[in-house]
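Participant: Summarising the annotation, Swiss-Prot assigns region 'Disordered' to 1-40, 260-282, 358-399, 488-513. Annotation comment: Swiss-Prot describes 11-20 as compositional bias 'Basic and acidic residues'. Taken from Swiss-Prot, the feature domain 'SCAN box' covers 42-124, and the record attributes it to sequence analysis. If you look up Swiss-Prot, you'll see Ser185, Ser299 marked as phosphoserine, on the strength of a large-scale study or a structure entry. Among the features that Swiss-Prot reports, zinc finger is placed at 406-428, 435-457, 463-485, 522-545, 553-575, with the record citing sequence analysis.
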Amino acid sequence: MPTALCPRVLAPKESEEPRKMRSPPGENPSPQGELPSPESSRRLFRRFRYQEAAGPREALQRLWDLCGGWLRPERHTKEQILELLVLEQFLAILPREIQSWVRAQEPESGEQAVAAVEALEREPGRPWQWLKHCEDPVVIDDGDSPLDQEQEQLPVEPHSDLAKNQDAQPITLAQCLGLPSRPPSQLSGDPVLQDAFLLQEENVRDTQQVTTLQLPPSRVSPFKDMILCFSEEDWSLLDPAQTGFYGEFIIGEDYGVSMPPNDLAAQPDLSQGEENEPRVPELQDLQGKEVPQVSYLDSPSLQPFQVEERRKREELQVPEFQACPQTVVPQNTYPAGGNPRSLENSLDEEVTIEIVLSSSGDEDSQHGPYCTEELGSPTEKQRSLPASHRSSTEAGGEVQTSKKSYVCPNCGKIFRWRVNFIRHLRSRREQEKPHECSVCGELFSDSEDLDGHLESHEAQKPYRCGACGKSFRLNSHLLSHRRIHLQPDRLQPVEKREQAASEDADKGPKEPLENGKAKLSFQCCECGKAFQRHDHLARHRSHFHLKDKARPFQCRYCVKSFTQNYDLLRHERLHMKRRSKQALNSY
């Protein structure tokens, strides 16, 4: 018969059958030959007891099997195994309310679990609070295991008894953390429980100076709705967030109502039994209303160090905004030498954007000649405006201007911002076009636009007419211009034209040309040769009279060259037609 390691734990007898592993609740037992799920293996691994094995070797082997069925090292990598371990520990440290809900979501990684918790915290109407306790031994549990025997033996007082007993002892730190009240003799083997018991004893000594927060019977809860009474040593173990959480108030699960301090006037009426105890209001009473504030600094039940800590927190709060002192503007501040009429005289001058930009580099210290300060009275405001604008303001009522205003000298409009004033000046300048082009007479509103326009007139014009000497930027413009010179009436002098007209009147109508030849109305001005069509004349001039002009386009089939690529392509098409005919004839 195997022997047990611990004298208090006995190995099962040979006649007795070993205890069967119970399946987790809500899951059917796996059929024989089928591997259990990883979640089932994890729960069996965590719930395994030494008494379920016949000996230490069998217990170790059983733990190896259950751990392998949970972590699956043959499938998962090291990173995935670590992810499963961290996920299990994260779920174990969650509060009971959040833990059960997150486990039901079956997260596969820590990021999914964190996302589920964050989504639950953001859910409206359910302000889950993160209950941060003092350090206690980590017990990994899935949330379905039964309570310990000591916890099951703790009596649960009904709500009615707790509501009636107003002089009950305050809740201690050990009771808040769920630790049972044991005598020191039973805590010799557990050092953590010894520390908790010592904290409980110190807390009992301070109960004479501390009172508890009593709630109505319908809202009584053993942990959530009570102010925790910690000793000075307990308070030193908590961080500032936990100190504020436990010391001021605890937000419950079903109501998100907090009672900030420093508002004694908004406290509700208290009955005779609750004169010195603040009451937490119901959620339905505070919907749509401003939350009242309750101050705990004047309560005699608080420890001195608690009062000091709360005062420090209140000092760190954002103070109310105080009204800035208004600067008094002297009424006799006028631009341009202190004369109130100098403004009207300066408005008659021409205002440019450059003057406005240079006049107000720093708007607080320097003001341009057209930036006026706010005057003392409405009459003084109207006194600084032009007559046209003054009459309109008198008819419409009081002039509402800011401390700093810009007045347009042309129309009298007032602008508060300098940017709008400059934009207004630019719009007026665009409407007026004082700059005229000396070549074509076009009008421009800006001198820079005129300079750019003049550059277009001075651009290079390589195409020059041989008859009159005019230059053109495009060859098409030159060809259209040559049509004027190709007309015979315009080529002849005025006297010859008059003489020819008189001769035609004397002789009568001309006879048609011999051999049925058409009339040649296009004559070359250089050689006198006449052509029937103007394109024939243009070809004649390009071949015979423009030989000195550069011909960069050379034909690859012959020695001819052309001035334009279009003529070269048309010439090469003739070569291609001839070659195609020769190729067809060769077959």
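Cβ atoms are placed via backbone N, Cα and C, with glycine included.
Quick caveat, the model's predicted, so the values are computed rather than measured.
I would like each feature placed in context: is it buried or exposed, what are its neighbours, and how far apart are things?
Facilitator: Summarised as a single figure, the pLDDT of the domain 'SCAN box' (42-124) averages 83.
Secondary structure counts, DSSP: the zinc finger (435-457) has 11 helix, 4 strand, 8 coil.
Helix, strand and coil content of the zinc finger (522-545), in residues and according to DSSP, is 12 helix, 4 strand, 8 coil.
For the zinc finger (553-575), the DSSP-based tally of helix, strand and coil residues reads 11 helix, 4 strand, 8 coil.
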Participant: How does the zinc finger (463-485) divide up by DSSP, counting helix, then strand, then coil residues?
Facilitator: 11 helix, 4 strand, 8 coil
Participant: Using DSSP, break the zinc finger (406-428) down into helix, strand and coil residues and give each count.
Facilitator: 11 helix, 4 strand, 8 coil
Participant: When the domain 'SCAN box' (42-124) is classified with DSSP, how many of its residues are helical, how many are strand and how many are coil?
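Facilitator: Going by DSSP assignments, the domain 'SCAN box' (42-124) contains 62 helix, 0 strand, 21 coil.
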